[in-house]
Every structure is written in C-alpha cells, then in structure tokens.
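Listed features, source TrEMBL:
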ACT_SITE  D32  active site, nucleophile
ACT_SITE  D34  active site, proton donor
BINDING   D32, D34, D203  Mg(2+) binding site
BINDING   D43, D123  substrate binding site
Amino acid sequence: MKRCCEGVGLPCLFKGVGMASPRPPKYLLIFDFDETIINENSDDSIVRAAPGQALPEHIRQTFREGFYNEYMQRVLAYMGDQGVKMGDFKTVYENIPLSPGMPDLFQFLSKNHELFEIILISDANMFGIECNLRAASFYSLFRKIFSNPSGFDKRGYFTLGPYHSHKCLDCPANMCKRKILTEYLAERAQEEVEFERVFYVGDGANDFCPSVTLTSADVAFPRKGYPMHRMTQEMEKKQPGAFQATVVPWESAAEVARYLQEVLKKKC
C-alpha cells in the first residue's frame, strides 16, 4: 500500500529550476517501551521502591493473565499503604537503563528528525515513561505517547487506569496496540499526512498484534528471542507470507539505526 506525504509542508531534499519541489520521504516509527526502549519491565522495576524491594505473596497471587493493569493497580495501592511516595517512584524510573544501542538509535533519529514521525505505544504508564525519557533527554523525539493514564491522588498514592476498552481477543483487557495504531493512521490521513513506510520496534506479544497489520513496504523490528520475534517466526512457519512486513530482529538498537540509515541512503 503506497503511503504518500503530500501536503505535509516539510522542507525539501531536492530543488530543481522550474520544477515543483518534491517533499522528502515521511516515515512513521513506532516504539514500545518496556524491554524495548528500556532494558527492563518498568512494572517490575518499581518494586525496588517497595519495603524490602519485594511484594507480599498475597498481592502476587492476585495476578491473572490478560489483566496485568488491574494487578498493577493493587500493587500500587499496597505501595501507597507502605508510604512509597512520588519521589521514590520517580527515582526508580529515572534510573532504569536504556536497552543496548538505544542511545545510538535516538541520536541517529535526532539528526534525521525531519524524516521520521515518532510515536510510542506502551502498556506501562505515562508518568513512568515521561520520567525515564526526560532523564535520558529523549522525550522531545516523540510526537505522541500512548500509554495507561497515571498520576498521584490526594493521599499521594500512585494511581493507574486502563488506556481503553476493545474487542481484540489477543490483547490485554486494557490495551490493544493494533487499535491504537489503526486509529492513529486514520487520524493522520484525515490531516492529509500519510506515510510512505511504517517501522515498528517492539518485543512483546502485544507488539505482534499491531505488526500483523503492516504492509510489504513496512518493517517490523522484533527484539531477538523475545515473544514478538518468536510469534513472527511461528506465523511464517504456519502461514508462509501471511506476515507481510520485512522482519529485522535486533539485539542492539544500533542495528535498527544502521538499517534505517541504509533506507535513507537508498532513497537518496
């Protein structure tokens, strides 16, 4: 499916005498957060702020598959009861390390920001993501961040809500990334912004769901050995050709940067 960026009004790469100035290619780059941008699951990381850096068994036993958001609401209520405050959470989030090569990828994107529209879709939470990205000085790279709403109530307790409701049977009850991505592309198309290619960088099963909608022009970057990568391999075995996007697994995000650099070179 051809995606064009006509009407975006971006600066031109080429100028010819007596010719209409062509606009540069316009790419959409989507990132996951946990175990993609950062090298940990941030929900697990914040337990470091709990007493003894652990949760009691009666809390951990309430987890149900597909309802992680509800489980984290209980975890945060417990931590609030234990006196864990905003500053404690902020310190943890700010110190979660980025994944290998991620600073290199972000530096590359900073230098080529006019060619990429960058968004983040994560089942973590807005407060944690903002704390981490601001501390790493990469927050401004992102046009939009989609994540679960979070904040602090009058008691100073960290609160978390679901992002939305949906009908996808493959995703957690609180978030379907395919629905978010589909709606975002439709919204941008209404604003006369359509993308020549879409790139998706992720790791989890909930990243596989939106990546299935990518076209043969697009690229999925699953983290090597993680669920998204395994699921693309399984689909290719069971239904050869059903997964349309090019699959480029990565161990270091510097590999993603090199791939994108080659894309830009070929375009020129």
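The chain as shown is numbered from 1 upward.
The backbone N, Cα and C atoms fix where each Cβ goes, glycine too.
Around D34 (active site, proton donor), taking its Cβ as the centre, 24 other Cβ atoms fall within 10 Å, counting all chains. Long-range neighbours of D123 (substrate binding site) (same chain, six or more residues apart, CB within less than 8 Å of its CB): D34, Y68, N69, S147, N148, Y163, P172, N174, M175, K177, N206. Ranking the recorded positions D32, D43, D203 by how many other Cβ atoms lie within 10 angstroms of each Cβ puts D43 at the bottom.
Put simply, the residue listed as 'active site, nucleophile' is 7 Å from D203 (Mg(2+) binding site) when counted between their Cα atoms. Cα of D32 (active site, nucleophile) to Cα of D43 (substrate binding site): a distance of 14 Å. Excluding the listed site residues D32, D34, D203, the same chain places F33, E35, T36, I37, S122, G202, G204, D207, R223, Y226 with Cβ atoms within 8 Å of the centre of the Mg(2+) site Cβ atoms.
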